[in-house]
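Here the structure is laid out as structure tokens; the discussion comes afterwards.
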Amino acid sequence: MLSLFSLLLRRSSTSMLAISVIGIAAGLCNSALIALISQALGSTPSTLETMVAGYLALCAGVLVGNTVPEILLARLSRAITSDLRLKLGRRILAAPFRRLEMIGKGPVLAALAQDVQSIVNTASRLPSLVVSLTIVLGCLGYMVWLSPRGMLLVLPAMALLVLFYVFAARRLVPLWRQERDTQDELHREQQQVLDGIKELKLHGPRRHEFMERDFAPAVEHVRHASLRAAISGALLSNFVHFFTWLVLGVMLFGVFTLTTHDSEATRGYVLSLMYMWGPFRGLIEDIGRWPQVSIALDKLAQLEVSLSEPVPDEAADTLAVALPPGGRHEVLLEGVTYAFGDTDAAHSFHVGPIDLALRPGELVFVVGGNGSGKTTLAKLLTGLYTPKSGRLMWNGVPVTNQNREAYRNTFSAIFTDFHLFENLRGVDPTLLEGGAREYLRLFELDTKLQVVEGRFSTTSLSTGQRKRLAMIVALLEDRPFYLFDEWAADQDPEFREVFYRKILPELAARGKGVIVITHDDRYFHLAHRVIKLELGRTVTAVAA
Ligand SMILES: Nc1ncnc2c1ncn2[C@@H]1O[C@H](COP(=O)(O)OP(=O)(O)OP(=O)(O)O)[C@@H](O)[C@H]1O
């Protein structure tokens, strides 16, 4: 909770000060109202007029004092939520690619959806917390003024209740933590449903098994964990409810005995206790729920740590340092190796050592069987993976964590699991109009879509068409290097021809270094070099 306060204070200490001051004023108005009501019950008609004016003024004070902090805090908590979401988004973008592959989407989505919301919900309750606290303190002050002796009963009873609640609420923390942990698993399975919807729809037994053995257990774990937390929370809350009435009864009847000769004090005590008891119970229940926000903040912090935690030999992007400008763009891999997971593990896959040069105007085909390491090599070459050993050089400059971001930006790549953005972000607008129209015609997409205000009118296309659209984006990017991972695999023969006989030679003629991962042996002769991979190693590197 302290972290939530420091988050709020760091975002706007002025707003927090205003929330506290106005909240206290609202609480005081509330307490003054009850004191006034208590006085009015025993007043004479002559004083009533002043009291009505005072009553209306206090009501207005309560209205303003409750509304303003709520508005201020609504703005503040939304601003914090946006900050958290943006920060997390930036962390995700800056995290090593391999780290993201290892974490998976489940925990990231759970943090974005669940934890950030839980922080807003708790933060939104702060104004009522300030008001409640002030009402309680105001009423206590009024009761002390009426009869200090009555406090001998009231204060110990309240302290007892607070102690009881804080102690009992502590037992809820592991249950809340468990409930939150199960959410990661559920998000993972929900992601599987959406990603694998076709496969599940087409295969009844698979769908049945998936539901029974994966999805349902994840839902059940959440149900079980949240039910335990909810029942324990309800038991505690209702026991506190019961206990508060019990203590209130003891106090009320005790107050009668303690203030028996003073009817105004008795009336004031009864009214104040009745009035402050709701806010007091709300206050301790809110305080008891504070650990929930700590759990959410912990989860966000854990995710941030694991996003920035380096994978052995992988590093998060540091500030992008530009590589020295060079007219010629040349990439050199010298003895580069890579391994998934523990290098010594029996099943870990090793790539390399690989020596490879990619020069301007060169067309290099990478071939090899499934699982031979072609895509892994492509990720190494494009700077998505960091070599475990060996050197990656760009124009004679070693690619390091400082300049890797700049290095990656020299590539346009279409991987097999490419993503197509509707907005053509990062493309030179002067190239867009004419260039896009021409390429859309070449790839026979001009009847399907247009570029309107820097975005494609649609991306709802067939797989082959979407790949052709991705090719158009890559060509418009006009980068020094191109990498195509089995681009032609799902194209009609006619577009394969366009790809191998027109696009690739034209890119090479424009001085681009082009890597093509392919199984199309009919076109191998078009490459300047063909590199064959087997079990992560180059077995042949021949001039075609
Ligand atoms: N994300 C990953 N995590 C762990 N291991 C991986 C991962 N991706 C690939 N591998 C391992 O690396 C090996 C090579 O995979 P890669 O995708 O590079 O092969 P490929 O030659 O591109 O295959 P294909 O022709 O089927 O696309 C795989 O056999 C697998 O063991």
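Yeah, the Cβs are placed from backbone N, Cα and C, and that goes for glycine too.
Lifted from TrEMBL, the feature list:
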TRANSMEM  16-41  transmembrane segment
DOMAIN    17-253  domain 'ABC transmembrane type-1'
TRANSMEM  53-76  transmembrane segment
TRANSMEM  126-145  transmembrane segment
TRANSMEM  151-168  transmembrane segment
TRANSMEM  233-256  transmembrane segment
DOMAIN    331-544  domain 'ABC transporter'
Q: Name the range, of those listed as 16-41, 126-145, 233-256, that has the largest tally of Cβ pairs under 8 Å with the transmembrane segment (151-168).
A: 233-256
Q) By a Cβ-Cβ criterion of under 8 Å, what residues six or more beyond either terminus of the transmembrane segment (126-145) are in contact with it? A) 8, 19-20, 23-28, 30-32, 34-35, 65-66, 69-70, 72-73, 151, 154-155, 268-269, 272-273, 275-276, 279-280, 282-283, 286-287
Q) What average pLDDT is reported by the model for the domain 'ABC transporter' (331-544)? A) 86
